[in-house]
Amino acid sequence: MYGFEAMTFNIHGGYLEAIVRGHRSGLLSAADYNNLCQCETLDDIKMHLSATEYGPYLQNEPSPLHTTTIVEKCTQKLVDEYKHMLCQATEPLSTFLEYITYGHMIDNVVLIVTGTLHERDVQELLEKCHPLGMFDSIATLAVAQNMRELYRLVLVDTPLAPYFSECITSEDLDDINIEIMRNTLYKAYLEDFYKFCQKIGGATAEIMSDLLAFEADRRAVNITINSIGTELTRDDRRKLYSSFGLLYPYGHEELVVCEDIDQVRGVMEKYPPYQAIFAKISYGESQMLDKAFYEEEVKRLCLAFEQQFHYAVFFAYMRLREQEIRNLMWISECVAQNQKSRVHDSVVFIF
Amino acid sequence: MAGHDRRRGGGCCPAMDLMRSEEMQLVQLIIPMESAHRTVSYLGDLGFLQFKDLNSDKSPFQRSFATQIKRCGEMARKLRFFREQMTKAGISPSAMPLPRTHVNFDDLEIKLGEIEAELVEVNTNNEKLQRTYNELLEYNLVLQKAGEFFYSAQSNATAQQREIEARQVGDGSLNSPLLMEQEMSTDPSKQVKLGFVSGLVQKEKSMAFERILFRATRGNVYLRQAEIDYPVTDPVSGEKVAKKVFVVFFSGEKAKMKILKICEAFGANRYPFTDDFGKQMQTIEEVAGRLKELKTTIDVGLFHRDKILKSISHQFEQWNNLVRREKSIYHTLNMLSLDVTKKCLVAEGWSPVFATGQIQEALKRAATDSNSQVGSIFQVLHTREHPPTFFRTNKFTTAFQEIVDAYGVAKYQEANPGVYTIVTFPFLFAVMFGDWGHGLCLLAATLLLIIREKKLSSQKLGDIMEMTFGGRYVIMMMSVFSIYTGLIYNEFFSVPFELFGSSAYACRDASCRDATTEGLVKIRRTYPFGVDPKWHGTRSELPFLNSLKMKMSILLGVTQMNLGIFLSYFNAKFFENNINIWYQFAPQLIFLNSLFGYLSLLIIVKWCTGSKADLYHVMIYMFLSPTDDLGENQLFPGQKTLQLVLLALALISVPWMLFPKPFLLKKQHQERHQGQAYAMLQSTDDDLLQVEQDHGSHEHEEFEFSEVFVHQLIHTIEFVLGAVSNTASYLRLWALSLAHSELSSVFYEKVLLLAWGFNNIAILIVGIIVFVFATIGVLLVMETLSAFLHALRLHWVEFQSKFYEGDGYKFSPFSFTLLSQEED
């Protein structure tokens, strides 16, 4: 199919690609961020956002505004756009779009399970869930006591079910268990998504494999850094790495034995694309790593828009919008807590 | 120009002059702070000033009146909240115009805040009550349905027991197994005590609910469900949803915990229920009593809310307008720059020259009304910026001007094709749509729109309807013209009429019936107006009409293109650009007319003399072998000499168009450049602002000779090739007119006459229906559209390309009337 997709792509995908590109041009620009960073109060932010595409979502909010409201409304906009696209999509684009939400689903499952473990109210937890990762029986997760029950009761109906095959144990749920479960699920999800994209083929496969490989590598690095100093064995650690990406397989071998962050750095610097990321960070520091990764990701996502006739634009758009919402959240938090000097710490400019 | 001077002196209402856009001026207003708000408000009423944004480098919330805008936004939000509440309660804001009481902005803000707080309080109270009410309603349903379960279960059980007993009585000699069974079913001490939970669950979730219950308890559960026939209001969300009553029986504490959690997760509301019949009756009664009480309380609350909303509804529109006005005023104020002393605001903007008096008067009025000690200062600035284009149109000319603006807004004071469009557009349309029957239908439809104009303009129309309504006067003109051309073509749904006397032709003798086979002779004087009806249906009808329409199209086209070229002359004259007159207008005129003007001349001569010369031949051989003898194609003596002269002129005019202009422009630029170097020194102590702006515009005037030359080359090629292709393009007039008349004759003959031929009422009715729909759908709607589009193209491309620059921008004044139109 490669090379000929341009001929037939527009029959089903043309309308939605136009839509998504239109949405993409509605992303906040650097000038918008500059203005937002100068805001004194949350009302100023609201006023500025009302001139953007977020306007209709924020205009009916009464004045003492909270950061959560802003984030909630902005997410609402993303969800509405996503639902619109999903309604219009045909196969295989609709499946592709659904794949995008599985990540949120995993996060939601983990959030609820951890929450119930610490005896939080289910309703309260549900409000914190990302609306893109909702499924019907999500609230029932609270009933489950161990992985097996979790799977048998609830997740068997969800698209996440196949990913569970690796982590069914009868152990009771605890924090480490859950974290391992999250990573195993995520690994299975990424591999599945990767396989799906390869199946679609063409430019979608090409671009998505690049984006997903980056995602997998980032997760591998994060897992390594987070598991340093915990009782996770090397074999267990290896099991959590996805079986594709730039680091697979030799990089993984080296990451498995890392004992501190500088060793991770040593491994990563062998790979030219990641060398630039680590070059920005001073030795022994891991705080700024997230931001560096985000920046690199945004750069790659923006590049996805350079090609036409492929599905990766949908993935890229959703990710960029999520990044934008994270930025807005950070800015509003800084404004609300009078920490304006720290505004630039975590904002990743999209353009 | 004369019109020019006349307008300059014009006071309130200058003569309407569409040819040139209104003369504009850049004005500066210095307004004292205390009267600023009132001044802007009066200027908004007037609507003749387009403010320039002097703070474009500041973000919205850094501007001086950001807080006021925020307040307006807040008030607008409250008003939206009221509107929402009113639509929920089914109260529409009353449209009747109230006596315009003056409402203070600050008072209104306080008032809106109070009303909102009151409404919110009433609503929360009501919501609470409503919630309890709905809960009780659900409880009532549970009691009923679950009661039914238990009752039917009990009666089943007793029936079973009775059956067993009856069997026992019947077969007393039966042995142990049956006895054991009886023992099991009747011995109460051995019965397992089952617990149960009852409640309501949403219908669409009930399947999943059942599944999860089954999985969680490993099947050790018994679920009964009963559907409720009508949607129930959910107490939490307040929405109507279809629900099911369920009763779950289970055993054991652990199962109970799980079931309760699942219920919670599914948003299933649980209600207590007792299996004791007496207690059931008691609770049902209690619930009914409480329901009645709550109902009255809720009604009182609703009545109170409606009263508040009704009182809002009277003033809603007024408030809404006020808030909108205030917001726009503050937006405008934000565009003004603050003086250093912070005592006055400086505004800059464009205004038409004729409105100077009105603006000054408004400024004065504002100053006196706000008791300001100092009046506002009004002064005209000199600038090199291009002023906006402003045409004062009325409801008739607007649509025509829109047609021109859709292509591009005229450059400031450039000749406006809109003036000619008013006549030429409908006329060219009608040439393609010539049928006076169709014209009458169109006229009737558009007159309907025009008569109901007042009513229609106040209400909201659909997309397509709005477009038709906006262009109603265009359509009216088009239909009038197509009646005229239809009379000339003698077409009425393709039926010929002898309206202007009888036909000039008749058969040689009275006995012939079929005019197409026998030759006709001319017996009377020529048919006085338009095409002789006898042509219709003859074998030579098409060749005759084609020849007529084709030649007519070329004549019309050449005339319109000449008009375009002459307009370029008027433009050059107006802007005092002699280069354009001598090196663009003159060669263009000569080129076009020496080729196609000559063709037109030949056509007219041929028509007048009735010569049989072949015009194609003449035109083609004029180029191929200009020295050859014309022979039988000669129309008038001396034609060959004339042709040679014309050909020479056309050949000369091409380099004339191409070469001199760029060189002259270069020379002119060099001269100006030298001159300006001196002028700069002198003007340093002159007006500072002007120098600055001179400086600004200076940088743009880099003269790039190659660019100018290439530009001119492209223009020349475009004109020379365009002369041929544009003339050919006018043949669309003939083509569409032909298509129209052929289509209508097809519908007439192949549908109406065919149906008539069957002599059957049913077929005739079907035929008439098909004919009517085809006429309306294809001829009146689609043909109108296509003829409209072709006329549009002829204007935009063939006509306007000769002179129209169209790179101006529209004058968009700050005006409250425009504001309210926008919002709708």
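Counting starts with 1 at the first residue shown.
A Cβ is built for glycine as well, from the same backbone N, Cα and C atoms used for every other residue.
All annotation found in TrEMBL is predicted automatically rather than curated by experts.
Annotation comment: TrEMBL describes B:105-139 as coiled coil. With a cut-off of 8 Å between Cβ atoms, the residues of this chain six or more beyond the coiled coil (B:105-139) that come close are 71, 75, 78-79, 81-82, 85, 200, 232-236, 238, 243, 269, 271, 287, 290-291, 294-295, 297-298, 301-302, 304-305, 308-309, 312, 319, 322-323, 326.
Residues 468-469, 472-473, 475-476, 478-489, 491-495, 552-553, 556, 560, 732-733, 736-737, 740-741, 744, 775-776, 779-780, 783-784, 787-788, 790-791, 794-795 of the same chain lie 6+ residues outside the transmembrane segment (B:427-451) yet bring a C-beta within less than 8 angstroms of a C-beta in it. Annotation comment: TrEMBL describes B:427-451 (among others) as transmembrane segment.
As annotated by TrEMBL, transmembrane segment applies to B:472-489 (among others).
With a threshold of 8 Å between CB atoms, the same-chain residues lying at least 6 positions outside the transmembrane segment (B:552-570) that come near it are 415, 417, 420, 424, 428, 431, 580-581, 584-585, 588-589, 592-593, 596-597, 599-600, 603-604, 723, 726-727, 729-734, 794, 798-804. Positions annotated as transmembrane segment by TrEMBL: B:552-570 (among others).
Sequence annotations record features per position, and here TrEMBL assigns transmembrane segment to B:582-605 (among others). Only residues 6 or more beyond the boundaries of the transmembrane segment (B:582-605), in the same chain, are considered here, and those with a CB under 8 A from a CB of the stretch are 551, 554-555, 557-559, 561-562, 565-566, 568-569, 572, 611, 613, 615, 618-619, 635-636, 642-643, 646-647, 649-650, 652-654, 656-657, 660-661, 664, 719-720, 723-724, 727, 802.
If one looks beyond the transmembrane segment (B:641-659) by at least 6 residues along the same chain, the residues whose Cβ comes under 8 Å of a Cβ in the stretch are 583-584, 586-588, 590-591, 594-595, 598, 622-623, 626-627, 712-713, 715-716, 719-720. Per TrEMBL, transmembrane segment is recorded for B:641-659 (among others).
Sequence-distant neighbours of the transmembrane segment (B:761-782) (same chain, 6+ residues past either end, Cβ-Cβ under 8 Å): 435, 438, 441-442, 493, 740, 743-744, 747-748, 751-752, 754-755. Residues or ranges marked as transmembrane segment in TrEMBL: B:761-782 (among others).
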